[in-house]
């Protein structure tokens with residue numbers, strides 16, 4: 001702070017502090033505290049707000065337990081509340097998306113960082129960046145076209161003789177959602193891993209090769225450990241974006257796929273019950289916080305590494 | 001145009017660490033003054049206090065007789081040349097040089113003219129429109145000097161600006177800096193850890209150690225009459241003997257060592273303090289027979305040829321290494337390794353000095 | 001590396017690029033197909049009518065205009081806040097830095113749904129509490145701007161901070177020493193160094209804002225942005241006017257990307273030439 005004053009004088013220093021304070025207090029802390037506070041209040045008509053009925057309770061949170069549905073896991077059938085099921089399905093499928101993205105991205109990131117001629121890399125990055133700059137809704141829309149019942153994918157597969165009849169891709173549970181999420185977020189896995197692998201000294205790979213290590217051992221013992229912060233960063237980004245996505249599940253979802261964000265959206269927009277929506281949103285926030293903390297523990301990385 | 005600088009009882013603390021302790025020195029207008037000392041001795045802190053980036057904890061700094069307390073760097077009549085030069089990489093050379101004028105609201109044509117004049121002064125004509133990254137180390141150096149001169153400072157402060165250059169270029173730039181200083185008449189305050197640089201360029205040198213100014217004198221005096229062991233050792237080589245001093249008469253005192261009794265000059269304010277005997281290698285002679293006084297029998301252990309002189313290392317019976325330098329006049333006889341000789345020195349050339357002046 | 005594995009990797013890279021770019025081609029292609037449903041199969045012949053219908057679609061044009069002003073506002077505010085935050089972070093250390101930095105970064109990880117709902121609730125509740133009808137406290141795109149800024153500012157902050165770390169603070173001291181005022185130090189020394197990052201930050205903020213759905217969806221009130229409009233169209237049955245729009249956006253993106261790359265190459269080339277000259281001067285000095 002002394003340093004700031006000395007360099008920029010009291011006027012500019014004051015302005016800098018004011019801007020940061022506005023951001024962190026008015027746009028981050030107070031809204032989230034309000035959300036938390038509202039999530040414990042009941043949804044009431046305007047006249048009753050502040051009245052005797054306006055008391056704190058866990059009632060909004062307990063709504064996740066309403067309405068049981070039959071489900072089965074590993075062949076065992078049991079009944080579970082609808083929203084609880086949605087919650088865990090969102091977590092599960094977000095994890096699947098994360099793993100698939102990693103599997104797709106790792107060879108590619110390694111290829112760009114260590115195999116291809118360095119002069120080609122900017123061009124490759126540029127080509128990969130194009131879909132990233134095209135907005136998320138259009139990327140999801142593109143897959144909506146491709147996966148359509150009479151769409152290009154079915155036509156292509158039929159033309160190749162791989163399938164007889166067209167497939168209803170968007171009516172196969174979470175398939176459409178998975179495809180859309182992977183396509184939309186795989187780039188967020190590639191770039192951090194690429195950055196991490198780039199910083200690995202190529203001599204280390206050659207030294208291991210020279211010592212007789214097989215290619216998979218080189219990756220397992222040298223490249224992967226070095227890329228760990230990048231992987232953690234990519235995994236956290238992809239998981240958070242997937243779990244928090246509302247667009248892709250809404251556009252590519254089937255009648256049997258429900259995403260937790262869609263449930264929140266329904267409370268907010270359809271039921272107009274902002275308080276319950278707040279409680280659900282807070283659950284989502286909690287989930288994300290837990291996931292990031294666990295990921296940081298497992299990968300032994302710091303928040304500052306993830307942000308790279 | 002140039003101004004004198006007075007440091008009056010200046011102290012600077014960083015937390016519990018005292019970087020500069022009770023500095024008192026009066027630098028004359030138009031003088032080339034160097035602060036010389038090892039890294040961490042406080043010389044850079046003094047420079048930053050004069051330029052205004054650090055405030056002294058105690059004491060006063062006066063420039064041209066005026067107390068600088070509360071004056072920020074941009075209000076002081078000083079210009080600092082940074083160790084890494086700190087040229088602005090995004091501005092062409094002429095904008096770099098005239099930046100100080102630009103912030104004073106001088107119009108563009110005048111600035112351009114001034115920049116070109118200064119480039120001539122520092123022997124870099126035609127570089128006005130280049131970028132910093134196009135220049136060599138020596139050329140950047142000249143631009144940094146020109147940029148500092150552009151604001152017509154009363155005092156120039158230089159923080160080891162030559163340290164990044166290689167040896168030959170450094171020697172060339174020394175002469176150049178000295179010439180620019182004489183031409184402009186500006187007071188130069190120069191910070192360095194290189195004794196050769198300080199002795200060659202300066203009118204006066206202040207030797208520093210552990211935050212204290214040990215001695216302020218002209219270069220000749222610093223070398224020939226160091227006031228303490230630190231100054232003697234930091235500026236040049238010495239053969240050092242430990243022992244106890246007796247009473248002095250006519251400036252010379254008896255000094256008892258393991259090698260027997262010596263006689264040497266006792267520093268005026270050293271009476272009663274523990275002292276050591278310091279004698280320069282070039283004042284140490286090797287002879288076949290023992291001298292009448294201050295003589296030690298030695299065995300030659302190593303001879304190294306340094307070009308202008310020959311350095312002969314020998315070991316006394318008590319295991320102390322004694323070095324003698326023989327001027328290479330082309331016909332000097334060089335002793336053989338293993339030969340038994342006598343090392344001696346004149347009493348007037350040897351000094352009994354206390355250790356460095358540090359806080360107790 | 002083994003030849004086969006190398007070729008497999010090349011092939012994989014190629015396939016991946018096809019995977020990334022083919023959907024965009026399909027989407028663009030559908031913009032020219034004379035079919036009521038947006039698709040490239042069956043191909044019913046070339047047409048440009050979806051482009052003229054797009055221009056005639058007033059709701060879409062309004063959504064487009066909304067998107068632009070929201071994006072410009074978000075970029076402007078996020079650049080201001082993000083740059084200030086980067087400068088602040090760069091000048092503090094220890095626990096304060098860790099806490100501030102952690103809080104700033106975490107905004108990127110907060111789900112958009114949460115940001116949207118919390119922003120909406122805070123400002124409308126505040127309006128109720130103050131008993132005012134002032135527009136700031138009602139749902140609308142201005143709340144979308146605030147919500148988007150809350151996390152986009154962190155992205156700008158990261159970009160600017162990375163650039164700040166290569167900044168030599170000695171340059172500011174040199175400028176101060178030469179007599180520059182604090183404002184002049186900021187304007188002539190620090191900001192020019194940061195401009196590339198600020199520019200990149202503005203671009204990132206602009207595009208992030210355009211593509212934002214979650215925050216906008218909960219805060220927009222009745223107003224549309226392109227993303228929201230396209231979303232509602234996909235759900236309620238669409239015509240290929242969306243594809244025409246997508247095609248134009250892709251072209252704009254491509255042109256911008258290529259221009260950026262060419263500019264980058266030119267700059268790198270210039271810098272290399274300068275360094276070569278410095279090396280020549282260095283060699284000359286050595287011969288001195």
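Placement of Cβ uses the backbone N, Cα and C atoms for every residue, glycine included.
When TrEMBL is compared with the stretches C:68-89, C:266-287, the one noted as transmembrane segment is C:68-89. Here TrEMBL gives transmembrane segment for one range in the set C:43-62, C:143-162: that range is C:143-162. Take the transmembrane segment (C:143-162) and the stretches C:68-89, C:101-123, C:241-260: counting Cβ pairs under 8 Å, C:68-89 has the most. When averaged over the coiled coil (C:259-287), pLDDT in the model lands at 87.
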